[in-house]
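Enquirer: Pasting the relevant annotations from Swiss-Prot:
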| type | residues | note |
| --- | --- | --- |
| BINDING | C306, C309, C340, E347 | [4Fe-4S] cluster binding site |
Amino acid sequence: MTALARRYDTQIHRRVTRTVMVGDVPVGSEHPIVVQSMINEDTLDIEAAVAGIIRLAEAGSEIVRVTTPSMAHAKAMGQIRKELRQRGCSVPLVADVHHNGVKIALEVAQHVDKVRINPGLFIFDKPDPNRQEFSPEEFAAIGQRIRETFEPLVTLLRDQNKALRIGVNHGSLAERMLFTYGDTPEGMVESAMEFVRICHELDFHNILISMKASRAPVMLAAYRLMADTMDKEGFNYPLHLGVTEAGDGDYGRIKSTAGIATLLADGLGDTLRVSLTEAPEKEIPVCYSILQSLGLRKTMVEYVACPSCGRTLFNLEEVLHKVRNATSHLTGLDIAVMGCIVNGPGEMADADYGYVGKTPGVISLYRGRDEIRKVPEAEGVEALIQLIKEDGRWVEPA
């Protein structure tokens, strides 16, 4: 299929990426897009950290990240993993490592399935306020230091068959990248590519890459440029999507969706996290809703409902809530709730079941395009449930 044809195709065509195993969870274009999050408990509080990880796993997080800012935190991950396994929780664990973290990373790699590093902070030198530029020789010398520091971690992860995320943040680019490329997507991409090339030279390919920023336009440009740069250099590593520091509430969700969904629609992205300033488990439904809205994963009922107008023959908002409350535990179904006959049958043609107001006080129930029966409005929701049961597609709520 040509690029132009893909642009107008109703199916999303994912960028082809290699499979990277994070524990027993495969990440890559041949697999469903993976949902993940991060606990906000102190890693040194073993019980609280374990409880937070279990809450996230039960909410649907398929990978869980934990911060490890010190050697003590890194060692605590061993006990956390042990406690989780004793409680029957096998969710893959990721250690988040930042400032000058190679010793921490080498320790924590023994206890987790993946290590995340930040290229801008992996070798952290205090910025020199008097510096005007980096000469090519200075730039290359720091690159050599990075390689010498990074190589032991790459070798360990490769030999233990663990994974690595090269996680660039727009707000923490290294000083030499800022001087050379500016505060730009180009600087973000080169920060990542420096580490990607080292991994490739050391025959380590269990890597994922992220290009996070707090502004969606910057994040979009960085991910697109990263994908193009990898394609040009012959790399096909998976992308981890996210808008960092998105905030909370409706705006935080909208901001994250604007960035993540746009890239997913372009075919970019193999795993995602929605970062909210809220309890981490509240991030998970947003992730699954983004994926479902694009047809990339179906994990809940898809509801089709008109916005209501003067033609509506029943209280659409109230009825939709009743239908949702009765059926939201089901998976894999499309249910349409339409207020009148004008748009009803046409708009819900792709739905498995339809609930349509045709005449006052009467509901028409549909299976696909076929009208099955008419029932009094007061019996509409129960009759819909009965129709689903007749088709063998009903399960009782847990």
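Every residue gets a Cβ built from N, Cα and C, even glycine.
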Enquirer: Determine the minimum-neighbour residue: among C306, C309, C340, listed as binding-site residues, which Cβ has the fewest other Cβ atoms within 10 angstroms?
Expert: C309
Enquirer: Count the Cβ atoms, other than its own, that fall within 10 Å of the Cβ of E347 ([4Fe-4S] cluster binding site), considering every protein chain shown.
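Expert: Taking every protein chain into account, the count is 16.
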Enquirer: Hey, does DSSP put E347 ([4Fe-4S] cluster binding site) in a helix, a strand, or just coil?
Expert: helix
Enquirer: According to DSSP, does C306 ([4Fe-4S] cluster binding site) sit in a helix, a strand, or coil?
Expert: coil
